[in-house]
Amino acid sequence: MESLRIAASHRPPLLLPSPHQLRRRHIAAVSLSLPHTSLSLSSHHHHHHRLAPTPLRRRIPPLLASQTPNPEADSPAPAGAKLAPLLVSLAVGLAVRFLAPRPPEVSPQAWQLLSIFLSTIAGLVLGPLPVGAWAFLGLTAAVATHTLPFAAAFSAFTNEVIWLIVISFFFARGFVKTGLGDRIATYFVKWLGGSTLGLSYGLTISEAFISPAMPSTTARAGGVFLPIIKSLSLSAGSKPNHPSSRKLGSYLVMSQFQAAGNSSALFLTAAAQNLLCLKLAEELGIIVANPWVAWFKAASLPAIASLLATPYLLYKIFPPETKDTPDAPALAAEKLERMGPVTKNEWVMIGTMLLAVSLWVFGDAIGVSSVVAAMLGLSILLLLGVLDWDDCLNEKSAWDTLAWFAVLVGMAGQLTNLGIVSWMSSCVAKLLESFSLSWPAAFCVLEASYFLIHYLFASQTGHVGALYSAFLAMHVAAGVPRVLSALALAFNTNLFGALTHYSSGQAAVYFGAGYLELPDVFRMGFVTALINILIWGVVGTFWWKLLGLY
C-alpha cells in the first residue's frame, strides 16, 4: 500500500485540490478495483505489476481532468477582421478607384462600383471576414457612397434563382435527415462492392443517381458518401491520418472527390452554381430554352464518359493497397437490415423529389417555373413533417448563401447595366483579334483561363459570381456561339471543384476526412483535371456539333 501512496503522490498536482485528497481518492479507487485487476491478469504476473501506476492514471475521476485549466480554451478567439487580408482587400479597391486611370467610355459611377466589386472579390479570396459578412460590407459601401440606390443594391434578394438555390439546401437536408441518400448509396455498395474498383463505381454511380434531386455537392459529400467511405475503410483496417490510409480510404475518397464534379455537371439541378450560371447568362440576353433538358442533353455524353473513366484511371495512377473488398457487400446488407424497411418519410421524400424533377423537366410546357416547383416540393415536405421549420432555420449555409450570393449577383448585374462588362469584353476581344485567333482558339484560351484562375478561389459559387458574366461576355465578343459559351463555362465551373483542398465545399469535406495528403490532392487534382478536360474537349466537340450548338 505504501507503493500506491508513492505512485499517487507523483500525479500532477494541478489535477487535484490537495495532495491529501489525492492520496485518499487513489487509495479508495484502487481498493475497489484490485479484485478485478487481479482477475484480469495472468497468474504468473508479479505483485508489483498489478500495482503499476498506469491503471491508476485511468481511474482518476473525469471531473478532476475537466478541472484542469486550458489556456487555449480560456483565451477568447480573436474578434473582428484579420488585419493583413483586410488591408490588402481595401487596397485593391482604393487603387482601382483613385490610382488606375478611368477609361473615357466608363462613367464615374460604373468605375466606383467596379472598385467596390473588386475589393469585395479580393476579400472573398483572402478572407478578412466570413464570406457573408464581407459581402455585406461591400453592399454597405455601395449604398453609403451613393454608388447604388438602396433598391438597386438589394434587388437581387428577390432573384428567383437564388431562392431556388436556398431551397435546394433544404432538399439536401431532407435526404440526410430521412436517411434516403444513405440507403440508396448502400444499395449500390451491396450490388457492386465486391472489389475496390467495383466499390468506387458503386459510390460514383449512386452519386450521379441522386444528384438531380439533391442539389448540393457538399451535402452529398458530408451527409451521405463520406460516412459510408469511412465505415468501409475502417472495417478494412484503413485509418485516417495513418499509414494504413492508403489501403483503401485514400483511393475511395480521392475517386469520389474527383468524380463529384462530373456528377454535378450532369444535371442542371445537381449543384447550386449551375442555376446561377444560367441566370447570369439570361441577364446578358442568352436564353437557354427548356433549360433542364437542354443542360442534360449537352452534358450527358461527356459527363458519363468522364464518370466511367475517373475511378478506373485513378485506380491505375493512385492505386489502393487493398484490391478486393469481399466483406463490403455483406456489411452493406447488414446495414440495410439494420435500417429496416423504407420509412414513410423516405417514401414522401422519394415522391416529392420525383414530382420536383418532373416539374423541372416539363415545367416550361405547363407554365411552372423551376423555383415554383421547388417551393411546391418544400411545402409538401413541411406539411407532411419530413422537414420542420427549425430544420430550415438551422440550415445556416442556405441563409449565408442567400446573403452573399445576392450581393455578388446584384453587383454583377449593375456592372452589366452600367456598361463595365461590355467594356471589358470589347477590350479582350480586341486583344484576341490582335493575335488573329479564330473563335475555336479564343474559346480554348478563355476556357483554360477561367479554369486555372480557380486556384485563387475557395468557392465555385464565388468564382461564378465574380467572373462568369465577364468571361461569358468575352466569349460572345470573340464570336463563340452564345448558348455554347454559356453551357461550356457552366460545365467548367463544376470540373474545377476538385483542383485543390479549398476549391469547393466538397473539397473541404473530403480533405478533412484525414485520408488524403496535401501533395496528393494538388497532384491528382491537376492530373485528373487534365483528363477531364481532354474527355470533355474531345467527346464534347463531336457531341455538341451533333446537337447543333455550333
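A Cβ is built for glycine as well, from the same backbone N, Cα and C atoms used for every other residue.
Record features (TrEMBL):
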REGION    58-77  region 'Disordered'
TRANSMEM  83-100  transmembrane segment
TRANSMEM  112-136  transmembrane segment
TRANSMEM  148-172  transmembrane segment
TRANSMEM  292-315  transmembrane segment
TRANSMEM  345-362  transmembrane segment
TRANSMEM  368-389  transmembrane segment
TRANSMEM  401-425  transmembrane segment
TRANSMEM  437-458  transmembrane segment
TRANSMEM  470-491  transmembrane segment
TRANSMEM  521-544  transmembrane segment
Under 8 Å between C-beta atoms and at least six residues away from its ends: which parts of the chain pack against the transmembrane segment (148-172)?
113, 139, 142, 213-216, 219-220, 223, 269, 272, 275-276, 278-279, 353, 356, 369-371, 374-375, 377-378, 381, 387, 391-392, 395, 397-399, 401-402, 405-407, 409-410, 413-414
Taking residues 6+ outside the transmembrane segment (368-389), which of them lie with a CB under 8 Å of any CB in it?
160-161, 163-164, 167-168, 170-171, 173-174, 177-178, 269, 275, 291-292, 345, 348-349, 352-353, 355-356, 359-360
In terms of Cβ proximity under 8 Å, which residues at least six beyond the ends of the transmembrane segment (345-362) contact it?
171, 174-175, 177-180, 183, 212-214, 268-269, 292-293, 368, 370, 372-374, 376-377, 380-381, 384-386
State the non-local partners of the transmembrane segment (401-425) in its own chain: residues 6+ outside its ends, Cβ under 8 Å from one of its Cβ atoms.
103, 105-107, 109-110, 113-114, 116-117, 120, 124, 131-132, 134-136, 138-139, 142, 148, 152-157, 159, 162-163, 165-166, 169, 272, 276, 279-280, 283-284, 461-462, 465-466, 468-470, 473-474, 476-477
Intrachain neighbours beyond the transmembrane segment (83-100), with Cβ under 8 angstroms and 6 or more residues off its ends:
111-112, 114-116, 118-120, 122-123, 126-129, 134
Count, for each of 292-315, 437-458, 470-491, 521-544, the Cβ pairs lying under 8 Å from the transmembrane segment (112-136), and report the range with the highest count.
437-458
